[in-house]
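Asks: One structure, pasted below without further comment.
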C-alpha cells in the first residue's frame, strides 16, 4: 500500500459528531501520526474511530514509547485505556512468541473490555491477546498459553495462579501495566500485585493509570517504579459533561420515584446502582414487573452469567442495568447517558466512579441520586471532597443537559468476539432465572451466539421508555403527606425538592 493512499482504503466507522467538553478537547493539537507509530497500528486506531489523541493520550503515549515508567492520573472516560494499549502494541514484536505485556485490571468485566480494545487496535499487527480471569476455566487458560500469547490481560488472582504454576512465563516480559491503580493497590489486591512483580525482570517498564491516587499508590511508586514520569490532569475531579442532581426520598417511595424518572427522562441506556447484591436482584425484578427492559449483575452471580449480561448490555439489547459497584471501574459504554444511584454511596471515590459511567469521552450525561434523610451527611462530605455541587432536582430537567441532538452518532462498543467459558460449578444464588434476564448457554452454541449481530440495534433504544400498567396497589400511599392531587400539576413529574417523594406518573394518579 503506497504512502499516499493507505488512509483512503481504511474501513472507517460512522463519525461521532456529538459535541464534547474540554475534558477531551483541551489538547496541544497533536495527531497519532506524530507519535511515529507503526502503520498497521495506525490503521487499527483509525478504524476503531479514534481521530486525534485526548489530553491524557498526548501526555502519556510519548513518555511510554520512550521507555519511561509512567504514573498517570486523569478523569474517568477521557481515554486512559488507549493511553497504555497504544504504546504497549507499538513495542510488541509479533515474531517473538513470549508474553511481552501484562495488563492487570480489578474486575472480570473490565478485563473482557480491555482485551477487546487490544484486539481491535492491534488487528493489523498479528498480535495474540489472551484474557484470563477468575471464575473461568483454569484448564482452558493453561491450554491457551501453550500457543503464542503476546499480551496477557487479566485479574490479579488468576494471573498469579498461572505465574506460580510456571504456565505464564513473565521472566522476560518487559512491560507491566495496571489500570485502576488505586483499586489494584488497595488492601484487597496489593499483596497479590507484590507477588506477581517477583516474576518480572528488574528492568521492566511500569505504567500505572487511575482517576484517584491514594497514599498506597505513592508507597508503591517509591518501591517499584524507576523515576516515573508523573501526569496529573485532574484540575477537577468530576467530568464537565455530567449534570448531578439529588432528590430526598423515603425508602418506601424510591421505587415509585424511579418509575417516574423512567417515564419522564429520555434514557438511551441507564445504569442503576445499589449498595448490596440482594437489593440489586430485588430492584431488577421490580423494574421488570413494571414493564421496563432490565438486566442485573453482581459479584455473586456465576461468571458465565455475568459475561452474558455485560455483553448484551454493551450491544444495546437491553436499556437498563441494575448492578452493585462491580461495574463502577472502567466500564465504557458510550450509549449510557443516565446513571441513577438508587442507594447513595458512602465514599467520594465510589461516587466518582459510579457517575463516570455516563458522560464518556467528553459527552453529556446525567447522574441522579435518590437519598434518604440519613444520606445528607454523605452528600455534604462527597461535595467537599470532590469540590463539586450536587443540586436539588428541578421541576423539569432540560434534555440538552444529557441528550445529544444527534444520538444516532453514538459509536457502537467494540464487540467482544467470544466470551470465556465459565466454571462448571453453578452458584446457587445465580439469580438470573426471572423473566428479562438472559439465558446462559454453554459450549459451542454459546460462542456462536456471541458472534451473531444484535437483533435489536442500539439506535432503537433512543425512544422514551413506555411503562406498562403498574401492579395493583402501586405506588404505595404517602403516609402523612398530602394526596397527589394537591401537588401542582405543572410540576411535570418532578416535585420541588422539599417534598419527600414524587408525584405519580401519568395514568397513576
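Positions of Cβ are set from backbone N, Cα and C atoms, glycine also.
It should be emphasised that the depicted structure is a prediction, and the values quoted were computed from it without experimental measurement.
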Asks: Swiss-Prot lists motif 'DEAD box' for one of the ranges 175-178, 179-182, 183-186, 187-190; which is that range?
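Replies: In Swiss-Prot, residues 179-182 carry the label motif 'DEAD box'.
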Asks: Average pLDDT across the domain 'Helicase ATP-binding' (61-231)?
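Replies: That stretch averages a pLDDT of 91.
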Asks: So what's near the motif 'DEAD box' (179-182) in sequence-distant terms, Cβ-Cβ under 8 Å and 6+ beyond its ends?
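Replies: Apart from its flanks, the motif 'DEAD box' (179-182) reaches 71, 80-81, 84, 103-106, 110, 114, 208-214, 216-217, 220, 329-330, 349.
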Asks: Around residue 80 (ATP binding site), how many other CB atoms lie within 10 A of its CB?
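Replies: Counting Cβ neighbours of residue 80 (ATP binding site) within 10 Å gives 25.
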